[in-house]
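First up is the structure itself, then whatever we jot down about it.
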């Protein structure tokens, strides 16, 4: 009984193995047919399309390269009436010649002087069609060589009061005649005077409108030193007043209030006199010496 049961199980296993092998075989055959019948033809068509694209791109590249050698004069010359037509292009040479020498040789041998002139006119007409007339007029306009020579402005340092040295070009231009040099000297003196007037007006406006002692950027060095000294004196006076007020506020120093106030009044007198002497009053005009 045991041997019979074993044989039955072996047969069942053999049958299952054969069934699975048949399934595997059928699947492999299906894959093979799918690859050979569906995938390979599509790949072949795709490769053909790629080859066509490569051929067309190569043809376009050669066409663009040969367009620079097109003989426009041979194609532009047209027959007139019943006149005999000359063989403009030979049988071996197409519309795109192989080299520039052949194109020039064809234009010299095949085309006469009249045909060459007509071709030049045709090319000019085509150029005028694709270009703007206003731009051509702008590029072909008459250019005049005459012009006005501009003078360089006089550069001077306001702090030091130094005058600018004339450049070499101005000296060369003004060295032709003595009269021209005199005129320019007169103009320079007028400019210096006007500049000094402007400085004086600015100083007057500053000291007339505000009471601050901030030096302006156009004030000379001497004025700046005086203003800085006055600011220092005023600041010292303010500090002394603050210290005196602090001392007087204490109860121990109540008895010394009047002498300290008198001393401060006596000390403030000369400072005010010095400030009135050094600071110019509003409305004064400051004159500067000219070093020529």
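Any Cβ shown, glycine's included, is placed from N, Cα and C.
Small disclaimer: the values here were computed from a predicted structure and weren't measured.
Database features (Swiss-Prot):
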MOD_RES   26  phosphoserine
REGION    99-118  region 'Disordered'
MOD_RES   118  phosphoserine
MOD_RES   134  phosphoserine
MOD_RES   140  phosphothreonine
REGION    149-194  region 'Disordered'
MOD_RES   155  phosphoserine
MOD_RES   156  phosphoserine
MOD_RES   200  phosphoserine
MOD_RES   216  phosphoserine
REGION    226-292  region 'Disordered'
MOD_RES   250  phosphoserine
COMPBIAS  265-275  compositional bias 'Acidic residues'
Notebook entry, point to check: Hey, what's the Cβ neighbour count for residue 200 (phosphoserine) at 10 Å?
Noted result: 15
Checklist line | Local backbone state of residue 200 (phosphoserine), from DSSP in three classes | finding: helix
